[in-house]
Every structure is written in structure tokens, then in C-alpha cells.
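Visitor: Sequence annotations record features per position, and here TrEMBL assigns domain 'P-type ATPase N-terminal' to 44-98. Residues or ranges marked as transmembrane segment in TrEMBL: 74-89, 296-319, 350-369, 968-990, 1010-1032, 1044-1068, 1074-1099. Residues or ranges marked as domain 'P-type ATPase A' by TrEMBL: 131-207. Here TrEMBL flags 415, 417, 828, 832 as Mg(2+) binding site. For 415, 416, 417, 513, 555, 578, 609, 689, 690, 691, 801, 807, 831, 832, the entry in TrEMBL reads ATP binding site. Positions annotated as active site, 4-aspartylphosphate intermediate by TrEMBL: 415. The domain 'P-type ATPase C-terminal' feature in TrEMBL is assigned to 854-1114. The annotation region 'Disordered' is assigned in TrEMBL to 1139-1167.
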């Protein structure tokens, strides 16, 4: 048989029983070679190919899938049903009135979504068809990326991007290392070092690599970018040699090879199983809060519609129960129709009434909304304030469905690297034993303009301390992982050129290490290279010093420090250590600790990234002991990280403090101002980054996310190792709730009266533990709610060491919380795509890290600073405009259809339309559609500059405040009132009539014939003028276009009615309006009636506005009133600048000397730019509305400008 029973048992258990190890791991045969006979069974597993799919539709499923998605919308499904009913039964109106607009909306949406998906297909094909070099039979062959298989040995060259997840076998570098950048994965553009397997790094040709006989056992694909567990079994003389594999051996898809000529690596995860693909979210259709409100209102109006139809159907049969009132013969009902079962007749009548009243739910509203969103999106793209000259780019709108959502954001989730910062590290200063040195402007290896010489702030140390100073400089030249490369061109910029001479260029996995080494170069000590295990530096006397590099104790986020052990040319052994002050100071036994500590604290307050430097001389015996400890830890296969950490802890002790450094990560222009404005606007800002905690925290301080008085709460791996997660969470929860007295905070201000300003820092590992579902046998419960409660009570949150999918999980957690807040995610790299897709609104930044974020976002902007305008101005306007559009459309359709309902009581419930077919069709399409469309495109209720300068105005529209149920009910009742006034006003004004012999009505004073079409035309005329004047009263921003469209639509109605009433052919069969309109206008009472009824309809709304503005003005109304007083120049007078800005007339200053800007930890007060005039009209005095809140005004204003909403 050739196969023993143990192998057979293994196969059966794997295929049939489901052995646990089989589920949790995979076996990969390098080069698809079978292992030597007798070693293990060769079981070739099936893996997916390397094809990436980000598209949503295929050619075959586009129509059914897209139709299903579109008809899931309540409105589309409703209009489809109405259209089918009109086709099936005899109804008062034509099927075209419903079918044509529905077809238009469905077609336009399908084309738009189909085009977007075609672009995704195109992008997928370009990736899947790009060429890849694979080693086969000792030769390098070329194949398409999509044909790559697990087990293929891939040959990669410098600056190529890895096509799948690979294990590094060998490199062109002698030490078996290679350098990669992972900017598109975790946002870090710095170089990271990866290591080849020790036993294969010597295989450097195609034939040698092809001769490798080995298998890799590793875990199944999982999305964590920073974790990988596996081992490689290399067969030498048929005996397997096992070596551990970790994240340092894994090259991720999307990363780019740098500073290494070529590498050989084996594919282990391909296609949709790569870590990058597992971190992508599927793209789902997003719906705005306004659209959800529209759907809710639609359901209400649908209920009203069904109620109307039921009432009319019931009353019709009650009416016809009297034999004298049976359906008359002239309705042309056949005997068959009359003898049908009463249930069928009633159902048919019910459907007919449904169609008659169907106009209460306007299909034209959805067409108008689509047009408003599409056309409105161009205002973002045309905005010159959001044009970046450096990039030559404008803002881009990828989807116009979410414009109004920009005005509803409550949580902003932002990436750090490349979004908040430019990722340019600048060396600021160093402090040696209390003496401070400043080297002018060193930034990422580039000498900034004007930096010509070293500038020393403090006096130089005495001769005795000179040696200490040089030791500090040497420590920084040696304690790092910087690599040296000759001149390099990146993005057209030549790095490493200094004063016209070609020099070296530094690269590192940590950008601030580059800044430190360059800073030392400016201070006289130049790191040259690492050659043959020796680090070479050039000292101030231009002498080359060589230090043998013995050990590197790498940096990790728990220890927060790194060390090197070196041997000098004289044989002395040193351990140089640098790290965070909190990890260095406790290990120091001598040195000028207090002086250095004071300087470190000063720099930390300034938002600079600080590092402390210390050293320890080692004796040969101590070094031997150190080597023994490190080797023992490195060779362990189990708990290797734990044993290494224990060894590092034992080695890095008894240090002598040398000094400290300060490096600045440059923020993007106006990033801090933007974050401050978002805070004032009531938004909570979270920073989600893959970066180290210390780096991210320093950026948060610099960007004003955290302030000096912010109490930082840590929920990190370091703390959860000291305490279990349950205790840490409850401690933090008690801390914040004790401070706030257990009371919920205002979700917008994020701060209460006398409370501490809290900031939370959490890392990816701890977040995973928090998100993990509760175990049934544990008493830990669900941690998510406790975590959310802590976050709610923090003004800012920093999440560091986040995998891309964890960023999306955080956004999803907040979205699903009890308050269901509107979220926005902003980022610039592929690592941000998941959170951009998860958030309600996703914004991509056109950064240096590819365009994945831009392609997958809803909006794209050139810089982070443009977020301020897109939210505070465009978002504000879009929400105000579409809110009015939605409410106005429902209002004008209630006005339109309610008289039709009332008319049924006067026509025997015969389904007789009150209005002519032409009026029914054109009311929403022509007579009233253009004014509201134009309003929803150009209305500016407040000046642009005021919105930018007073972010607190954004709070007034938060939580969908303009589309709440009370406001909706008010608009509906207003529509019902107007309809009653129009119908019964016309009815009673013409009640003084006499009947003629032919059944027509004739007025007593004019003998004018007054029939049902004249009555309907009179009501319709009042209706059109009333709803148009209502919109005119609501308009604040008048231009010639407004005047043209509003008054032009009224003129068009009159002209159309005159023409329609004067035409007989070719509409003879349908013409019931011949001469009706002219005859109506020839009557003096008709003119008087029109004027009286329009006035009576508009009066309550006008009175309500006047009274509310006088007694309970909102912040917006106060500003509108003040802006009129200042004739549109109010934007010059901002609340924050009221102490300094000159007034409009005269040279006086506004405000009083005792006013001050409130700190963030103080209770937030609404601020407006309203003027309180004195008894004498002094036009040079401006008093902010803050005085009103303090009770200094005789007016009945109490500072409550508009309703505040709590989450």
C-alpha cells in the first residue's frame, strides 16, 4: 500500500472529523515541491487565486440586483404600486403621471451606480493584470498578478509593490534584511526592516532558491497587520530543521520594497485572503438622516392617504345606500359592473380614491431632491477656498447623496499620519546636563532655508563636562536603527544633496530617528554607515570613530525605549539607551535628573516629542551575562516576547542620565485651528492611528486635541498587564463618573461646568479585548457599554496601534450606540478605507500615500484644513436647504390635495377631480417646482464668513433639529389650514348664488356662470400664489435669479391658464377649461377673493414668525437681525474678536475690558454677534449677546438661543 495507518488516520481526521490544527493553520509547500519521502504526507490544499474584487455588480446581476436595491426605497416601491394600479383599473388620472417620473428616477440612479461600479471594475482589472515575476524551474518567468498561487516563489525589485502576503526567503543585502514602506496599509511612510529566514538567506540566485525544499505551517488568514505566527521546516539531508516565523518575516500586500535591490519571497496569503483585503469593508449604500426622515414622513402621509381613501369609500357607499342617490346613469357603468360583488366594487373604488389622492406623496419631490443633491455638489467642487495650489487639486464629490449629512456630524474620526500631520519631523533642540542646544531647522534630512549655523542658547559647558556632552552626541549617533543610502530621488525631489554636493541620505522605520541623527550632524557628529558590523561616525575633528555593534534591544510600545550595546575602538563596552522619560527616569541612578526633567516637561507642554538619553558602561563579565540572557530568550519558541522583555528589563538598569531631545512632527497647516473649530461646533474628535502611542499623543497635544489641563486616562496593554481589564475599565469609569457626579454630559460641549477635561488613550490590543464578546462562564460581562460610557465623558479620544479593520470597528461601535450619532471618518491612506466606508460620511485626503482613500470616499479634499469649510459652511447650508425643501414639498402637497378631499363631500364621493388634468400634472412639475429647487441651491440664511468665524452656529442644526416631528406637524397643520381657508373661503364667498334652469350657478351681482371648473380654478389660483409667496417669505438671500424664478413661475401659471383656456383643438376631447380662467378673472369679486384668501392663508405663519422672533429668537434669527442692522457687514464682528476688531463707524472698540474667552473647561455659553442698542443710537458701540445671558438686558432674552440637544 505504501501508506501506513497513522497517515491514513491523519487524512481521515483532517477531511472528515475536522482536526482543530487543520482548521487553525495551513501548510504551504515552497515552490509546490513535495517533501522528501517518509517525512510527512503531501496534502495539497486548495487556496484562492490572487484576484482582488472590489466591485459590487457583475454584467449578469446588475439589473436584478440594482432594481432590488432601488425598490427597497419606500418611495420607489410606493410609486411602482400606484403606477400598476393606474394600469390595471379605471382611475381618474393617467398612468403617465406616475410612471414617467418613476422611470426617470430609476434610470438616472441606475446609470450613475453602474458607472461607479464600472470604474471599480476598471481599477480591479488594472491591479489583477499587472505583471509579477515568479521563479519556476530555476528561471524567472512573468505572469499576471491574478494567476499567482500560494506557494509560488516571487522575485521582487526595488520600488515594486508586493502583490500578495509573502514570507521573505533571501535578499540582495548580505545581512538578509530588506526595507519596506507600509504607507498604504498603516499610514506610516517610514522605512521598516524585515528579515529573511536565517537558513535561506544565503540562497541568492534563481537556481539556488528553486532548490529550496521546505514547508511553512502558519495560521489561517486574519486581519491583524501586526501579528503573524508560523514556522518553516527546511529539509536538509531529509531531516527537517524548524525555525520560527514572525511578523518581522512577513511582507504584506500593498507595501513597497525600498533600499534593497531585489528579494525572493514565497506567497502564503493571496487575493481576498491577504491582510489588506481582509481589512477592506464591503461598500454599502449610505443613506442620510434626511432621507430617513423623508421615509418616515412618507409612511405618515401614506397612512393619511389610506385613511382618506377608506373614509371616502365608506362614505360613498353610505351615500349610495339611499336609492335616490344611487350612481347616476350618465357615469356609463355597464350592468356587469353594477352587478359585481360589493367587496370587489368597494376595493376598486378604494384604489381609485388612492390614485385620486396620490398627489399628497409627490414623486416630483424625489426628482427635485436628486437634482438638488447633484447640482448642489458642484458648489463644493467650484469652491476656490478648497483649491490647493501646491497640489493643484480641488475638492471632489464622489457621491452627492450625503451633502446634507455634512451638516449633521457629531463624531469625527481622523487618521494622524498624513492627515493631521505632514509626517515631517523637525529637530528642535537637545538638552545635555541642563545646557540647551538648538540646531536650526533640520527636517527629515533636509536643511531648511536660513539654517546656516548651529545656534546655542545656553552657555557652553565647562571643560570638565565636554566629555559628557560628546558622549551624549555619540549616544544619539549610535542608538538608532537608521540606514544610510546614497542620493535618492523621491517625487522629483533629490534627497541627500547638501550645498550642491552629493552626500548620504538617512532612512529609518522611525522618522524622528532620522531627525535626531541629522540634528547631531548639525551639531558636529555625523553618522556615516554600518559596515561589517561596525558603526562609523565622524566627530568634530573630522576623525572617523568605529564602534562594533554587539546587540540591538529593539523598541517596543510597552518598554517605550530602545538600547544598543557597542564596543569602542579602545575596547570599552557601553550600553546606550534612549526612550520616553517615564521609562528612563526610574532606571537612572545618577546624572542631572531635575534639570533635564524640567526641560522635558517644558517641551512636552509645547507639544514636542521628547526622548531621554542615558548610558551604562559594561564590564566584560557583565557583557557575557547579558549575552547569555539574550541568547536564551531569542532561542525560545514559546513565550519568546515575554522572555525577551524580561531580559531587556534586567539589562537596562543602573543608567546614567545624559540629556534629552525634542523633535516636532509638523502639523498640517491650520490643523489645530480646524480641530478647535470642530470642538466649538459641538463635534467630538477621535484620532485613530496605527502609530506608536507616544508619537500620537504628542501630535494630539500639538493639534490641541489634548490641552495642558487634560487628564489623560490610559487603557493600554501596559496597564492591563498590571491590572486585569475588568478592574481597569471600572476604575476609569469610576474616575469619570465621580468627577461628573454620575450625570450625563452634554454631548456637544463635551464639558460641564467645573469638571476636569478628560482624554482617553487606548491601543489596538486592548480594544480587541474590549470588543470581544462576553464569555458565558466569565463574570466580566460586556465591556462595550462601560467603554462607551467612558468615551462619552471624554472630550477627546486617541486610539493608537490600530489595524485598519479596528478603525472600522470603533466607528461601527459609536454608530450603533444608544444615541446613534452621525459619524465622519477622514484619512489619506488605504489603511483608512475601512473606516471611511463604515462612517456615515467618508472623506479622503489627497495625500502622498496613494489614492485608495480618495477613490473609496464620499468626498475628497486636498488638506485637513478644508474640513472646516466643508462642514461648517457647505454642510450647514445643505442641511438648511434640503430641510426646507422636504417640509415645503409636503406642505404644498397637503395644500394641493386636501381641497380635493373636501370636494368629495360636495360631489357625492364620485371621484370627480376638483382641478383640471393639466393643473394636476403641472402643479408639481412646472408651477411650483423651480422656485423651491432654486431656493435649495442658493439660499444663504447666514453670511458665509459668519458661519466660518462662529462654529457654535453648527450646534443649532445638530441632531436633525429642522426635521423633527413637532416642526413636521406644524408644516402639515399649516398646509391643512391653508387648504381649508382656500376651499371654504371660495365656497362661502360665492355662496350668494342662485340656480339657473340648466343647473349652473350664477352670481347675483355679475350673472357670471360659476360651475365646478371655475370653482376649482379659483381654489387652484389661490393655492399657487399662496405656496409661492410662502417660499418668498422664507427666502433670506435674494438675487436676480430668485426674483426671476419666483415671479416668473407665477407669470407662467397665469399665461398658461390663459392659453390653455383659449385652446380647443387638438384637445377637444379633454378640454373642459375653455374660457374658464378668463371668465373668472373678469369678475371683480374673484379678484377680491384671491387677494383675501392669500392674505388669510399666509397671516398665521407671518404672525407666528414675528412673535417668535420678538420673544424667543434663536441664535440664527438674532444674527440675521444684527446682519441687517450692519447692512451685511456683520462678519467683521466675530464673538471671539469682539474685544479687538474695530467697529463699523468711528474708531471705538467693541466689548468691555472684563470680557474674556471662555476656557474649554468652563461651561460653554452660546455666543452670537447681536447688537444691543443703547437709548441713544450709538453706531460705534457693539455689545456681544453674552450680556443678554448675564441679565444685563431689559429684553426678554435669557441666553437660550435655540434648543440644545443632548446625546
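For all residues, glycine too, the Cβ spot is worked out from N, Cα and C.
Any TrEMBL annotation is an automated prediction that lacks curation.
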Visitor: Counting Cβ neighbours within 10 Å across all chains shown, tell me which of the binding-site residues 415, 828, 832 comes out on top.
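Guide: Answer returned by the neighbour count: 832.
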Visitor: Max Cα-Cα distance in Å among 415, 416, 417, 513, 555, 578, 609, 689, 690, 691, 801, 807, 831, 832, the residues listed as binding ATP?
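Guide: Maximum Cα-Cα distance: 31 Å.
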Visitor: On average, what pLDDT score does this prediction assign to the domain 'P-type ATPase N-terminal' (44-98)?
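Guide: Per the prediction, mean pLDDT sits at 81 for the domain 'P-type ATPase N-terminal' (44-98).
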Visitor: Work out how many Å separate residue 555 (ATP binding site) and residue 832 (Mg(2+) binding site) at their Cα atoms, rounded off.
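Guide: Distance between the two Cα atoms comes out at 25 Å.
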Visitor: Which residue counts does DSSP give the domain 'P-type ATPase N-terminal' (44-98) for helix, strand and coil?
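Guide: Tallying H, G and I as helix, E and B as strand, the rest coil: 28 helix, 0 strand, 27 coil.
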Visitor: Out of 417, 831, which of these binding-site residues shows the lowest number of other CB atoms within 10 Å of its CB?
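Guide: It is 417 that, of the binding-site residues 417, 831, has the fewest other Cβ atoms within 10 Å.
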Visitor: Measure from the Cβ of residue 609 (ATP binding site) and count the other Cβ atoms within 10 Å, all protein chains considered.
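Guide: Around the Cβ of residue 609 (ATP binding site), 24 other Cβ atoms lie within 10 Å.
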Visitor: Count the residues of the domain 'P-type ATPase A' (131-207) that DSSP assigns to helix (H, G, I), to strand (E, B) and to coil, and report the three numbers in that order.
Guide: 9 helix, 39 strand, 29 coil
Visitor: Check the transmembrane segment (968-990) against each of 74-89, 296-319, 350-369, 1010-1032 and return whichever range has the most CB pairs under 8 Å.
Guide: 1010-1032
Visitor: Of 555, 690, 801, which of the binding-site residues has the most Cβ neighbours inside 10 Å?
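Guide: For the binding-site residues 555, 690, 801, the Cβ with the most other Cβ atoms within 10 Å is 690.
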Visitor: Quick one: Cα separation, residue 415 (Mg(2+) binding site) versus residue 690 (ATP binding site), in Å?
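Guide: Residue 415 (Mg(2+) binding site) to residue 690 (ATP binding site), Cα-Cα distance: 9 Å.
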Visitor: For the transmembrane segment (1010-1032), could you work out the same-chain residues 6 or more beyond its ends whose Cβ comes under 8 Å from its Cβ atoms?
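Guide: Tertiary neighbours of the transmembrane segment (1010-1032) are 888, 891-892, 895-896, 899, 903, 907, 912-916, 919, 923, 927-928, 931-932, 935, 978, 982-983, 985-987, 990, 993, 1000-1003, 1046, 1049-1050, 1053, 1057, 1072-1073, 1076-1077, 1079-1080, 1086, 1089-1090, 1093-1094, 1097-1098, 1101.
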Visitor: What is the separation, in Å, between the Cα atoms of residue 417 (Mg(2+) binding site) and residue 831 (ATP binding site)?
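Guide: If we compare the Cα positions of residue 417 (Mg(2+) binding site) and residue 831 (ATP binding site), the gap is 11 Å.
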Visitor: Can you work out which residues elsewhere in the same chain, 6+ from the ends of the transmembrane segment (350-369), have a Cβ less than 8 Å from its Cβ atoms?
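Guide: Hits for the transmembrane segment (350-369): 75-76, 78-79, 82, 85-86, 89-93, 98, 101-102, 104-105, 294, 298, 301-302, 304-306, 308-310, 312-313, 882, 885-886, 889-890, 893-894, 896-897, 900-901, 911, 913, 920, 923-925, 929, 932-933, 936.
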Visitor: Tell me which of the binding-site residues 609, 690, 801 ends up closest to residue 828 (Mg(2+) binding site) in space, Cα to Cα.
Guide: 690
Visitor: Compute the C-alpha separation of residue 609 (ATP binding site) from residue 832 (Mg(2+) binding site), stating it in Å without decimals.
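Guide: That comes out at 24 Å between the alpha carbons.
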Visitor: I'm trying to understand the geometry here, so how far is the Cα atom of residue 690 (ATP binding site) from the Cα atom of residue 832 (Mg(2+) binding site), in Å to the nearest whole number?
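Guide: That comes out at 10 Å between the alpha carbons.
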Visitor: How far is it from residue 801 (ATP binding site) to residue 832 (Mg(2+) binding site), counting Cα to Cα, in Å?
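Guide: Cα to Cα, residue 801 (ATP binding site) and residue 832 (Mg(2+) binding site) are separated by 13 Å.
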